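Enquirer: Mind having a look at this structure? Questions to follow.
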Amino acid sequence: MSMCSALLTRRVAGRRSRVWFGVPPALVHIRSASVAEPGTRRSNEEQLWEAAGYLPFSRAKIGSFFQETPVLKNPFLEDALLRGYLRRHLPQEAAFSDLCAFGERVANEVDGWGRECEVTPPRLVHFDPWGRRVDHIVTSPAWKRMKDLSAQEGLVAIGYERSFGEWSRVYQMSKLYIFSPSSGLYTCPLAMTDGAAKVIQSIGLSWPVDEAYSRLTTRQPERFWTSGQWMTERQGGSDVASGTETVAVPQTDGSYKLHGFKWFTSATDADMALTLARVQDRTGATTPGSRGLSLFYGEVSRDEGGRLKGIEVQRLKDKLGTRQMPTAELLLDGLPAHRLSEEGKGVASIANMLTITRIHNSISAAAAMRRVVQLARDYATRRTAFGKLLKDHPLHMQTLARMEVETRGAFLLVMEVCRLLGREESGMATQLDAHLLRLLTPVAKLYTGKQAVAVVSEGLESFGGQGYIEDTGLPGLLRDAQVLSIWEGTTNVLSLDVLRSVARSSGMVLHAYFTHAKSLLAGASNVSPLAPAVKAVNGALSELEDFVQIAATRATGYLELAARDLAYSLARIYTGALLIDHACWKGASSSDTYAALRWCEHDLCPVATKQARGCYDLSTAPLDAALVYDRPIQG
């Protein structure tokens, strides 16, 4: 019997599971006896009532009922869609056994570490007891265990070992999908580590980054490095071209020293970082705009006195969520660095990094949805309201089903991008695959990031008041989800990136999109239960094609106003096609079919719906501004 089968059998027989966040099982207990407090005397009548068990509030005064907590079970075994998807595309027993064992470890061990990271956030120690500047970022022991675990489990390495060929990225991201909600946000440094490894690999493994690449992709905890990504400055955000002020001063040995201020550096306790800067010429002048930006590699190290070399940590950011992870403002004051890109080619060099980190962001979004649904459905079997369990209230089940459909759609959309990345990295990608990867990466990131906030918020509501109580751990899921629509490009920034991909490919990314979406539907043409879904997606594709033709005749500003709704339409239609395709394979379940049907109840092409209402008429732009800045009439 395989490890996965054995665990499944054991779980069915013994219902073995860990109580969520390490809270012991709640027991319904009615006090039937009580010891009087010193100096008090209880009447004979009270003693008789106590002995009979009729004073449940006696002494404790908190009543007899305690609500059972939701239980986190093995997230691999509990996810029918994940297991079905892998059975279809990656049926190797080695992958199943590893994911099954890892899921058990996540539920029984790692989830507790994640909670420890949340309640013991990082802190900054500027000075040692004798007044020396040290800038130590102190993290919890659990955060350090996450680093060792990440190496041991190959959470970055899997993507570069490529043991499963073109499906290696799907395997890696499936593992991160299981890990993410329990990781204490350690998936963020892993995303940047993966992105840095990808950039170094694409540039070439030569000195001095060959050793760094080896450390970023190792499974040996004692050698494993994480990487930071230090791009954002006070003026910056996504607009690095005009917002980067950091300068690189050439040294006689061919290296550089960086001087500047980084306003937002995630995972600041990393071992190295990639960053953008402008090379100074002999007169101290730099080139403005993106043409002046180059990509640099720097290691985070300390001198013999324990002081950071060329770095001062100004402060840690006080954030809404992701409190587990140190995010800081850094002054770079002579940081030793090496230029990785050609001079002035920094922005182009980080394109691969953005692809990787946006995929990681999308995985975290889908994983957050899955986790809150798993906990909510377990809770529905334990919570009684109005005389019956929540699972027996049809309206509650309808709400959870809607969350489940969104979660399934997000998962398949993200895994499609992972599949395309794997094909590209294994040398198997067609031109159509390459176009799809370019288009779908920002689409998946922006759509899943927004939906994660909505689904997790709905999920908290399913726990009632307990969903709002900090020590249940539930509010942290929502706080952490909010970053997903912000980091690596906001929804609007990514929507405009979708337009850039269309323009720079002369429309070929859309041609690839329509071609592949239609091919996904072709397999369902004779599957009668899916007919309403196929009809809905085909109709939406036709509407989208009509919109594109009309938009091509309009002024540039027209498409910009439509960009967000266009991106949503691309996501919903393609996801519908993926759900239909998955419902057609031989191992599909009736739930797979039902999920596809329910998804296609969406407005799949909101850009066409709003176009028909005149929402993108350029005359609306000044009206929007006037509405936002409306002021009361004086006098």
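Including glycine, each Cβ sits where the backbone N, Cα and C put it.
Curation does not apply to TrEMBL; its annotations are automatic.
So TrEMBL lists these for the protein:
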{"type": "DOMAIN", "residues": "73-201", "note": "domain 'Adaptive response protein AidB N-terminal'"}
{"type": "DOMAIN", "residues": "229-333", "note": "domain 'Acyl-CoA oxidase/dehydrogenase middle'"}
{"type": "DOMAIN", "residues": "344-502", "note": "domain 'Acyl-CoA dehydrogenase/oxidase C-terminal'"}
{"type": "DOMAIN", "residues": "508-629", "note": "domain 'Acyl-CoA dehydrogenase 11-like C-terminal'"}
Enquirer: Tell me the residue counts in helix, strand and coil for the domain 'Adaptive response protein AidB N-terminal' (73-201), as DSSP assigns them.
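Expert: Output for the domain 'Adaptive response protein AidB N-terminal' (73-201) reads 86 helix, 11 strand, 32 coil.
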Enquirer: Give, as a single whole number between 0 and 100, the mean pLDDT over the domain 'Acyl-CoA dehydrogenase 11-like C-terminal' (508-629).
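Expert: Overall, the domain 'Acyl-CoA dehydrogenase 11-like C-terminal' (508-629) comes to a mean pLDDT of 96.
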Enquirer: Which residue counts does DSSP yield for the domain 'Acyl-CoA oxidase/dehydrogenase middle' (229-333) in the helix, strand and coil classes, in that order?
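Expert: Tallied per class, the domain 'Acyl-CoA oxidase/dehydrogenase middle' (229-333) gives 7 helix, 49 strand, 49 coil.
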